[in-house]
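Colleague: Structure in structure tokens, see below.
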Ligand code: B12
């Protein structure tokens, strides 16, 4: 207790010294460990594994993987340019099963900037037009009265504006206006405040402001940045996270760009950093997208730096981790209760799995045992649960993962590892 008191006092002193949001130097070994978890991704150059977010995260980090980065970007280019351009011509291209979404196209454009490239030429112009068309569609879906919702989410809407902005492509006032309205009228989120979405909107606005785009809207943009910053600060948990552990990296990216200053901001960021470091020690960051959003922060960088990135900055070369094989013990079997109560015919079953299994392993085993069916879809963040017991989540619905009775999980089916005796509920909810 005495230690905690002294620690909080120290935080207060440090906070008062630095009243901007700064993340003091982080142990490079910790950063290397995180970077090493991205290494397997660098070797997977097939379509379903290519992940522009991973590339952006690495390039804005203090570590590098040498020539593999070049190869990776080349594969991204081949995939995204061909697929997007071809799918613009014909809807059913056999090579490109799914047309990349607005968000993925935006991340691809960020990846190009992370390599200090501007989108160029005829093909480039078509990609930009494509992204603008996506945004126009979303604008129509939101509607004149702002009562509707984007087909994707305001997160991807913000990402789209950010991507155009870092490529110095201006966006119409009325497109920016939709995001401004959503921030001003608290419509970014349906059910509860999403720190990630607010942070992404704030990063997009910060880019517009720094680039002197949309001068007629300058005042509204400045106010919107302030609004999201204040809300994110208010969302800080007693442990120090902004929202939860996984929204803290994007929140910090935004707060680090802040023109706002004050002891409150400095202390809040230091507290968040301490909480993040503790979670790193606990192994909370395993997911590649989450690592890719965190690495820039540990290198004092944000997505807004893609306006003019420093591609010559020295970065430490990553070596593959030397793994010591764990001693093989008799694998212990644990029981996890799986339940689906939100359907007419409820399902509840104890599923025996090996200790350390993921929730996805539990679902697979439940399916094998009979009486349980589910479907998933690949996403950049990993497998996303789309359907349970034949019931597919509809538009603006999703299958929520909860620890019974009512605690939403903070990880997906591939990353979450239930403990012995835990009960997991899958619940169809609106968002
Ligand atoms: C929007 C969003 C949602 C929407 C997605 C629907 C939609 N039409 O957009 C809704 C509200 C449905 C949602 C649900 C969930 N989400 Co979510 N979501 C996001 C958010 C804000 C943006 C995702 C995005 O658009 N990325 C950009 C595009 C280009 O990438 P993409 O791969 O094409 O995007 C798709 C996937 O990300 C997928 N998706 C969304 N959330 C999740 C979570 C996981 C684990 C997976 C595998 C996929 C996935 O939906 C996106 C749209 O199709 C991120 C924030 C962030 N920091 O990344 C959180 C985030 C990814 N979600 C998160 C979580 C935990 C979940 C849930 C598991 C929550 C729960 N307890 O049920 C569920 C998923 C359950 C399932 N069925 O598998 C965490 C993941 C943390 C981690 N360790 O990986 C994040 C980081 C939020 C957070 N800070 O906690 N989410």
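Glycine residues also receive a Cβ, built from the backbone N, Cα and C atoms like all the rest.
Look at TrEMBL and you will find 152-156, 196, 244, 293, 384-385, 399-401, 409, 431 tagged as cyanocob(III)alamin binding site. For 21-269, 165-207, the entry in TrEMBL reads disulfide bond. Taken from TrEMBL, the feature signal peptide covers 1-18.
Please situate the listed features within the shown structure.
Modeller: Sequence-distant neighbours of residue 154 (cyanocob(III)alamin binding site) (same chain, 6+ residues apart, CB-CB distance under 8 A): 179, 182, 187, 188, 189, 197, 200, 201. In the three-state DSSP assignment, the secondary structure recorded for residue 154 (cyanocob(III)alamin binding site) is helix.
Cβ contacts within 10 Å of residue 269 (disulfide bond), excluding its own Cβ and spanning all protein chains shown: 28.
All chains included, 23 other C-beta atoms sit within 10 angstroms of the C-beta of residue 207 (disulfide bond).
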Colleague: Restricting to the same chain and to sequence separations of six or more, state which residues have a Cβ under 8 Å from that of residue 21 (disulfide bond).
Modeller: 252, 255, 256, 258, 265, 266, 268, 269
Colleague: Cβ neighbours within 10 Å, counted over all protein chains: which one of the recorded positions 165, 401 has the most?
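Modeller: Highest number of other Cβ atoms within 10 Å: 165.
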Colleague: Out of 384, 399, 431, which has the highest number of nearby Cβ atoms, where nearby means within 10 Å of its Cβ, if these are the binding-site residues?
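Modeller: Per the Cβ count, the most surrounded site is 399.
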Colleague: Could you check which of the recorded positions 21, 154, 165 have their CB within less than 6 A of ligand 1?
Modeller: none
Colleague: What Cα-Cα separation, expressed in whole Å, is found between residue 152 (cyanocob(III)alamin binding site) and residue 165 (disulfide bond)?
Modeller: 20
Colleague: State the count of C-beta atoms found within 10 angstroms of the C-beta of residue 156 (cyanocob(III)alamin binding site), not counting that atom itself.
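Modeller: A 10 Å sphere around the Cβ of residue 156 (cyanocob(III)alamin binding site) contains 23 other Cβ atoms.
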